[in-house]
Amino acid sequence: MTTSLLLSLLFSFVILASAANFNQDIDVTWGDGRGKILENGNLLTLTLDKFSGSGFQSKNQYLFGKIDMNIKLVPGNSAGTVTTYYLRSEGSTWDEIDFEFLGNLSGDPYIVHTNVYTQGKGDKEQQFYLWFDPTKDFHTYSLLWNPQRIIFSVDGTPLREFKNLESMGVAFPKSQPMRVYSSLWNADDWATRGGLVKTDWSQAPFTAAYRNYKADACVWSSGKSSCSSTSPSQNSWLSQELDITSQQRLKWVQKNYMIYNYCTDTKRFPQGLPKECSVH
């Protein structure tokens, strides 16, 4: 084998191996060593103990994208703990697209909490149970964010769609670039049964694990998007919508696994439900 061919093969292997490498894509930002990148960048773990949680963020900012992450949530008695995975912009009028996984007593299901913030305003919570145990294995949690809609999915099954309804006067996040963030922290003042169940520190340390981070996204750098000069066909997610099968799956999830929907909470909105609730 010639030297040039060998170098070419090695180079292509490096490109392939770094496709979803946490060392390349992610910064562990807090936790004083409790967040670890392992297995040559293929595995990331966040740990929580009585003294601190931990967290990470993406090196890149994105303005629209499809973000996938394989996550294995804290097993056993995870009551009081919250694992977060979300997109967020900077500043006091931030945008945010939010997955939070609220721990529970052994044998009780996790609660998947979702929210969308625009210009610092949220109050658009929907919560779900899952149809599997998210602590036994890795599952793919996806956030699709394009100019028309936001879709929250698990293993390719949509849980929630938040459409761009600016034509109705509903704010939609579309102008502020966001980073991917994740954290594991103690929230036993509210996370489990409204704070009634506290974190059992005898079970610590608590650990969540991550693999296969993938960002099909428009990278925002120096005021420019990496997508502005590329062909739309290379970024099919930019115009992606739910097909008939996905719409049916969404209805199945919302009928069988949704446990809270702000759009049906008339006590919370005595002056009338938010405008988008007539459509969503």
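Just so you know, glycine gets a Cβ as well, placed from its N, Cα and C.
TrEMBL labels come from automatic prediction, so no person has curated them.
Database features, via TrEMBL:
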- Glu96: active site, nucleophile (ACT_SITE)
- Glu100: active site, proton donor (ACT_SITE)
- 16-210: domain 'GH16' (DOMAIN)
- Asn104: N-linked glycosylation site (CARBOHYD)
- 1-19: signal peptide (SIGNAL)
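Sequence-distant contacts of Glu100 (active site, proton donor), defined as residues of its own chain at least six apart whose C-beta falls under 8 angstroms from its C-beta, comprise Val82, Thr83, Thr84, Tyr85, Tyr86, Val112, His113, Thr114, Asn115. On the backbone, the CA of Asn104 (N-linked glycosylation site) and the CA of Glu96 (active site, nucleophile) stand 25 Å apart.
The Cβ of Glu96 (active site, nucleophile) lies under 8 Å from the Cβ of Tyr86, Leu87, Arg88, Ser89, Asn115, Val116, Tyr117, Gly122, Pro173, Met178, each of which sits 6+ residues away along the same chain. Note on the domain 'GH16' (16-210): its mean pLDDT in the predicted model is 95.
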